[in-house]
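Undergrad: Below is a structure I'd like to ask you about.
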Amino acid sequence: MRPDGPRDPVVGPDSGPEPPYPVRLSGPVIKGFGRGSKELGIPTANIPAEELAEHPDLQVGVYYGVVALDPAKFQYHGDASRKGEDSQAAILPAVLSIGYNPFYKNKTRSIEIHIMPPLSSPSPTAEVTTQGQGHGQVKFHKLPDFYGTQLKLLILGYIRPEFDYVSLEALVEDIRVDCEVARASLQRPAYERYLAGGQGLDAVEKQRRWLVSF
């Protein structure tokens with residue numbers, strides 16, 4: 001079960017990713033368990049877990065990083081500052097889980113990626129909206145379906161281990177906090193450069209070139 005107590009608002013060293021990060025993963029977006037959007041209201045892009053064989057020390061848990069989708073099949077139009085750049089893949093922030101999701105007791109390991117809006121956009125998970133009868137609702141960022149599109153992922157840091165939960169609502173709330181922790185962690189200069197570029201750092205630009213090369 002998830003331990004009681006507040007969560008750290010930021011994770012990872014301020015100086016930037018440390019080994020083994022960044023970790024590269026890629027693959028076509030495939031159908032997952034069908035729960036992300038339907039039950040949880042959290043759209044996820046799943047990619048095949050076979051590539052994890054190249055990273056045997058990568059533990060199960062929740063991570064943050066950046067992603068890009070093949071622009072030949074999917075173009076992101078949610079950032080007005082990118083007008084005229086449709087031929088270039090957009091690099092977007094992401095939070096992801098690698099593991100078995102103890103709440104659902106999955107038998108096979110999966111990679112489930114939730115793509116967030118640009119850091120310049122308002123965060124949809126910053127607060128919980130109150131519905132009728134006092135129930136709270138979380139709105140997560142949603143994109144049109146892009147099954148079959150090639151996705152590239154750079155994992156930049158680790159957030160937390162997997163937990164089981166007493167309720168679906170508790171699981172959703174922890175994922176909401178994961179999104180906020182990921183955003184805050186990526187907003188630091190040493191991480192934001194993987195999204196924005198323009199820092200003149202060869203190591204970062206090399207990773208960015210890999211992300212957008214399809």
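Please read every residue number as a count from 1 along the shown chain.
The backbone N, Cα and C atoms fix where each Cβ goes, and this holds for glycine too.
Pasting the feature list from Swiss-Prot:
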{"type": "ACT_SITE", "residues": "Glu112", "note": "active site, nucleophile"}
{"type": "BINDING", "residues": "Thr44, Asn46", "note": "Mg(2+) binding site"}
{"type": "REGION", "residues": "1-26", "note": "region 'Disordered'"}
Undergrad: Identify, among the binding-site residues Thr44, Asn46, the residue whose Cβ has the fewest other Cβ atoms within 10 Å in this structure.
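TA: Counting other Cβ atoms within 10 Å of each of the binding-site residues Thr44, Asn46 gives the minimum at Asn46.
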Undergrad: May I ask for the residues of the chain that lie six or more residues beyond the region 'Disordered' (1-26) and have a Cβ under 8 Å from a Cβ within it?
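TA: Answer is 47, 51-52, 55, 57-58, 64-65, 111, 150-160, 163-166, 170, 174, 177, 180-181, 184-185, 188, 190-191, 194, 207, 210.
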Undergrad: Using DSSP, what is the helix/strand/coil residue split across the region 'Disordered' (1-26)?
TA: 0 helix, 4 strand, 22 coil
Undergrad: What is the separation, in Å, between the Cα atoms of the residue listed as 'active site, nucleophile' and Asn46 (Mg(2+) binding site)?
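TA: Checking the Cα atoms of the residue listed as 'active site, nucleophile' and Asn46 (Mg(2+) binding site) gives a distance of 5 Å.
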Undergrad: How many neighbouring Cβ atoms, not counting its own, are there within 10 Å of the Cβ of Glu112 (active site, nucleophile)?
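TA: There are 21 such Cβ atoms around Glu112 (active site, nucleophile).
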Undergrad: Going by DSSP, give the three-state secondary structure for Thr44 (Mg(2+) binding site).
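TA: For Thr44 (Mg(2+) binding site) - judged by DSSP and reduced to three states - the answer is coil.
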Undergrad: Per DSSP, to which secondary structure element type does Glu112 (active site, nucleophile) belong, with helix, strand and coil as the options?
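TA: The residue in question, Glu112 (active site, nucleophile), is strand (DSSP, three-state).
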